[in-house]
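A.B. asks: Structure incoming, see below.
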Amino acid sequence: MARVIHTGDTHLGYQQYHAPQRRQDFLDAFDAVITDAIDEGVDAVVHAGDLYHDRQPGLRDILDTIALLRPLQDADIPFLAVVGNHEGTRDAQWLDLFETLGLAERLDDSPRVVADTAFYGLDYVPQSKRDDHDYTVADHDADHAALVSHGLFTPFPYANWDLDAVLADATVEFDAVLLGDNHTPDTAQLGDTWVTYCGSTERASASERDPRGYNIVSFSSDATTDVAISRKSLNTREFVFVDADLGPTDGTAFIQERLRERALDDAVVVVTITGDGDTVTPAEIERFGDDRGALLTRVNDRREFDTGDDAPDVDVSFADPDDAVEQRVRDLGLDEPARDVDRIVRDDTLADAAVRERVIQRAEAVLDDDADAADDDGRPTTVEEFQ
């Protein structure tokens, strides 16, 4: 029998809300997964993509990852992973670096057998390339088979990738498909195949209200079930969600009273305003929450404001602008060069004066089909540059 931890969407390096503490929180959550794997003696840790939040993680993020994966190596627990959409590069992947160090294995179309189960990997594939993608995989002689992949698959919400078609085109029958990308954990069954999302290990957006965690997946030849999927929650940073539905005369004082009713110490506080009421200044609410011990406070005003007879309805949100932009960019279905430009413009580590030059470099590299120049930003992007 094979028993593995199925995790993903760890988003290491994400300095959410521009808070260094949140960057550490994402690392701590991944650390907790690794610790559980060793304590429980699982057969493998299977990561379904988006180990990193960005395709250019900082050196500190790389070193922290190495430090966390070494105990797994010492415990003889393999770390099996695929590449997600956030971290994918044009050339060698970060997983390739860890593989050369003996710390990870990048799953592909060849079986990686753990106990009695063969694991295969399917990296994130952009929508424009899926119709031409070859889903042929090598055969195996294990008792069970599982596919690990990253993307928004049917039959789950927000899907744009037909899993039925993938399974039909695959040359191996899978007992389970272990997925990443959707941060909401969920499980379904397509015919005889179990399909499951593990969810994220930390809250990457204010919409992720449920506890974070990972899956434990067991493969056996039991007469009742071949695949068993269970959940394990992680002890992550406390998020306090305050939903304030304002009446006609309510305003800042009403929201402050709601905050007084809650324990805010060291928490990320997310205030969502709906209803009617007076004008509320987000900065005033944020200062109030922070003064009461919150790590940080964000206000999300969902009310509609009419600024004139012919003015359109406006939905104003202050909760997580970076997350909102990322989601909008993703919804637009932009190709990789366009997503590169978006990341450059929003990179708060890049001086404003350098943005124009960096965008021009990217554009010229794409036009010349020069992938090396496209990644020429001074950071190592291949295994060879690390050696």
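Including glycine, each Cβ sits where the backbone N, Cα and C put it.
Found this in Swiss-Prot, in case it helps:
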type	residues	note
BINDING	Asp9, His11, Asp50, His183	Mn(2+) 1 binding site
BINDING	Asp50, Asn85, His150, Asp181	Mn(2+) 2 binding site
ACT_SITE	His86	active site, proton donor
REGION	365-387	region 'Disordered'
COMPBIAS	366-375	compositional bias 'Acidic residues'
A.B. asks: Measuring CA to CA, name the entry from the binding-site residues His11, Asp50, His183 that ends up nearest Asn85 (Mn(2+) 2 binding site).
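C.D. replies: It is Asp50, whose Cα lies nearest.
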A.B. asks: Counting across all protein chains shown, how many other Cβ atoms sit within 10 Å of the Cβ of Asp50 (Mn(2+) 1 binding site)?
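C.D. replies: I get 28 for this one.
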A.B. asks: Would you mind ranking the binding-site residues Asp9, Asp181 by how many other Cβ atoms sit within 10 Å of each Cβ and giving me the lowest?
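C.D. replies: Output over binding-site residues Asp9, Asp181: least Cβ neighbours within 10 Å is Asp181.
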A.B. asks: Reported as an integer number of Å, what is the Cα distance between Asp50 (Mn(2+) 1 binding site) and His150 (Mn(2+) 2 binding site)?
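C.D. replies: Counting only the Cα atoms, the answer is 8 Å.
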A.B. asks: When you tally the Cβ atoms that lie within 10 Å of each candidate's Cβ, which of the recorded positions (His11, His86, His150) has the highest tally?
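C.D. replies: Ranked by Cβ atoms within 10 Å, first place goes to His150.
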A.B. asks: Just the number: how many Å between the Cα atoms of His11 (Mn(2+) 1 binding site) and His86 (active site, proton donor)?
C.D. replies: 8
A.B. asks: Cα-Cα separation of Asp9 (Mn(2+) 1 binding site) and the residue listed as 'active site, proton donor', in Å?
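C.D. replies: One finds 9 Å between the Cα atoms of these residues.
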A.B. asks: Does DSSP give Asp181 (Mn(2+) 2 binding site) helix, strand or coil?
C.D. replies: coil
